[in-house]
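Features of the protein shown, as given by Swiss-Prot:
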{"type": "ACT_SITE", "residues": "ASP79", "note": "active site, proton acceptor"}
{"type": "BINDING", "residues": "SER16, ASN17, ASN18, LYS19, GLY20, LYS21, SER80, PHE166, GLY167, TYR168, ASP169, LYS189, HIS194, ARG195", "note": "substrate binding site"}
{"type": "BINDING", "residues": "ASP79", "note": "Mg(2+) binding site"}
Amino acid sequence: MSTPHWFDQGSLVLASNNKGKVAEFEKLFEQLKLPVEIIPQGRLNIPDAIEDGLSFIENAIIKARHASKISGKPAMADDSGICVPVLGGAPGIYSARYAGEHGDDAANNAKLLNDLLPFRKNGEVIEGMFVCVLALVTHAEDPLPQIFQGIWHGEILEAPRGENGFGYDPLFWLPELQVSSAELSKEEKNKISHRGQAMQLFRESLV
């Protein structure tokens with residue numbers, strides 16, 4: 001594995017204040033065994049960026065540039081969410097604030113279930129997918145952010161299952177495994193999830 005020049009700084013800021021995401025990323029970076037310190041932006045008192053992009057890619061870049069500008073360090077940001085085709089792709093980029101208040105997982109899950117009620121009259125399977133876009137910038141004005149994308153396909157349950165994970169994990173059903181995402185361990189989830197897929201592409205970019 002080669003070491004990109006930004007490794008020379010010895011640290012990489014993770015542009016997120018979401019505790020669930022931070023925990024997953026710390027585990028993923030631990031598994032990658034990269035010779036660089038990962039610093040969650042909260043440790044540097046960096047506030048959340050204003051996510052006013054219209055796509056996962058735009059918001060990931062916005063967050064990465066924001067963290068890099070304040071910290072003066074390379075930064076990686078994740079923008080992710082769940083997309084449901086019968087809802088036109090919603091919640092999409094608004095996943096974290098689907099019910100109005102940012103980060104209210106219970107309310108977001110309840111709204112998604114309610115919005116899907118009209119589509120369940122005949123017992124139809126509701127397909128959904130988790131999307132993760134990672135953006136890596138070496139500095140705040142980096143003209144060529146690196147982008148890594150992962151997509152995880154599944155179905156949306158009629159009621160929550162499982163106690164692990166965060167966000168919409170309790171509603172995300174994996175038919176091939178017969179479990180919800182919230183019934184997977186961190187290690188199991190990281191091997192197959194949208195975030196795990198994107199991180200694997202990041203790892204491969206270093207080779």
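Cβ coordinates come from backbone N, Cα and C, glycine included.
Sequence features, as recorded in Swiss-Prot, placed on the structure.
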{"residue": "SER16", "record": "substrate binding site", "contacts (Cβ under 8 Å, 6+ apart)": "VAL22, PHE25, PRO40, GLN41, LYS63, ALA77, ASP78"}
{"residue": "ASN18", "record": "substrate binding site", "contacts (Cβ under 8 Å, 6+ apart)": "ALA96, GLY103, PHE166"}
{"residue": "GLY20", "record": "substrate binding site", "contacts (Cβ under 8 Å, 6+ apart)": "GLY165, PHE166, GLY167"}
{"residue": "ASP79", "record": "active site, proton acceptor", "contacts (Cβ under 8 Å, 6+ apart)": "GLU51, GLY53, PHE56, ILE57, ASN59, ALA60, LYS63, ILE93, CYS132, VAL133, ALA135"}
{"residue": "SER80", "record": "substrate binding site", "contacts (Cβ under 8 Å, 6+ apart)": "LYS21, PHE56, SER95, PHE130, VAL131, CYS132, VAL133, HIS194, ARG195"}
{"residue": "ASP169", "record": "substrate binding site", "contacts (Cβ under 8 Å, 6+ apart)": "GLY162, SER180, SER181, ALA182, LYS189"}
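Across the residues annotated as binding substrate (SER16, ASN17, ASN18, LYS19, GLY20, LYS21, SER80, PHE166, GLY167, TYR168, ASP169, LYS189, HIS194, ARG195), the two Cα atoms farthest apart lie 21 Å from each other. All protein chains shown were included, and the count of other CB atoms within 10 Å of the CB of HIS194 (substrate binding site) stands at 23.
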